[in-house]
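Features of the protein shown, as given by TrEMBL:
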| type | residues | note |
| --- | --- | --- |
| REGION | 82-116 | region 'Disordered' |
| COMPBIAS | 86-104 | compositional bias 'Low complexity' |
| COMPBIAS | 107-116 | compositional bias 'Polar residues' |
| DOMAIN | 405-440 | domain 'EF-hand' |
Amino acid sequence: MDVNEVEDVASSVAELLKRQEPSPFLPIMNSQLFEELFEQWLSLPETGQLVISLIDDAKTGAPVNAPGNSFNVHAAGSNSLPSMFPSGSTPPLSPRSSSSSPHISKQRTSPSSLCSPLNLVHEPVLKVIPQESQPLPNHHLLKLKFYFQNGRPPTNELKQHFLSRMDHRFDNCLGGLHADEFKLVTKEVCGVPSFFSSALFRKMDIDCTGIVTRDAFTRYWIDSNILTMDTATQIYIILKQPGYEYLTQVDFKPLLRELLDTHPGLEFLHSSPEFQERYAETVIYRIFYYNNRSGNGRLTLRELKQGNLIAAMQHVDKEEDINKVLRYFSYEHFYVIYCKFWELDTDRDCMIDKENLINYGNHALTCRIIDRIYSQVPRKFTSKTEGKMNYEDFVYFILSEEDKSSEPSIDYWFKCIDLDGNGVLTPNELQYFYEEQLHRMECLSQERVSFEDILCQIIDMIAPEKKDCITLRDLKRCKLSGYVFNILFNLSKFFAFESRDPLLIRQQREDPSLTEWDLFAHREYIRLSMEEDVEDANESAEVWEGSLEAPF
């Protein structure tokens, strides 16, 4: 067979190889590069010998197999050819495999046996065969995800429908809408709570003219694609400052200011601006306590969507009785928190030290757990005064103390108990805190419960994955994790759990949606209001007695 015949046969082989099913593992390369590499391979003398050998085998009906030894260009006097398929019982590799050549079997002998004729041209080189460009399979197309950086544009139908509703509000207002006229647009047209009106108005009134025109509204709400976003994203965009990808406490202050000015359930506070400010602070602290799970003071969009804040905002916008909105906005809850802080702050410096906190709950907490709190292990204080917590720090403490079933509370107390910070609670760490409880039982002449019995009880309650330690995951999947903390450092609640207060159990069964914090705040508000009524009655009696004695 002459050289021309060899080239014709080689061309036929190339055509056959081109028709092979492309492998998904083969990188997509330029077809011209494939042709050049293939032509270089064909020009090698060893390639001609390989093709002639294969054709002879095909004519005689012999198996299309070359000798088992691989070809080595560096071996002197070696005339053997590389095998096309593996010998023996090894399954054949795909023609598009990542072996040294598409035509060389993958034999596990030595590095020299993996040589290919292509290696004579350039080292290293990508050894691939030419193939036609193939369309992506359907299952690849299903994985494609289109991302609109500025939100999905509204459809023409949605845009026209929204414009008609917007025109209904702007038609009767020459020049635009003032701030007091914008509230209905915020709630009825945009669909966000009405107390977002001022924040949204300022976003649209860029030049601070005091008027929002139809064009300004269209540019911000429709052209920016905010119209098609979900409510949480809309609220997030309205509140966040330009250039930031998170919300801070300051971003919520305008909302609370407008809520205090407009909500009928908070009208009585108009004459007490100092308590308005405290109420707003408390609501913001509660929002970040439950939603900012990273604890860095930066509330992200993901955290906002994962929480229940949006639902609470919509609820408070519809409900006239502010105390029925138990999540974040209840005035009664604020009243309880602030009064508890005021009771402990005996020197009225708006700070609480260790000695003050020991008095909390009628000396319910142990000294060791208070030391851990003031070591700022569970949460770093925002107070600038060393050794003292401010009002914000106290809000985080009381929410954690009175509802140990919530995730933020479990995180808070787990960090306190985890003395070495290794992420697990060992029996030694549990015993360290329970020792003080035993001592207090003896001082109160109560029956002592040994640590061994308590440890067995804790293991039975938590059912940890490993019997020798308790992880944060173990506590979060257990409904009784709060009782474990009470056993370790709150003697009053430990005794209450052992006695199983029937009144508390009945309250929980009547409304399972009520949290431990809701029940505590309700009881404390009744107690505090009754004490205030008694004080008012005593003051009135003193005034009445004084008026009777005056003439004499």
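Start at 1 and count along the chain as shown; that gives each residue its number.
In case you wondered, yes, glycine gets a Cβ from its N, Cα and C as well.
Fair warning: this is a prediction, and the values are worked out from it, not measured in the lab.
Tertiary proximity for the domain 'EF-hand' (405-440) is limited to same-chain residues at least six positions away from its ends with a CB under 8 Å from its CB atoms, namely 289-290, 293, 366-369, 372-373, 377-379, 396, 399, 448-449, 451, 454-455, 458, 468-472, 475-476, 479, 481-482, 485, 487-489, 491, 494, 515-517. Note: the domain 'EF-hand' (405-440) comprises 25 helix, 2 strand, 9 coil (DSSP; helix = H, G, I, strand = E, B). Looking at the domain 'EF-hand' (405-440) alone, the prediction's average pLDDT is 96.
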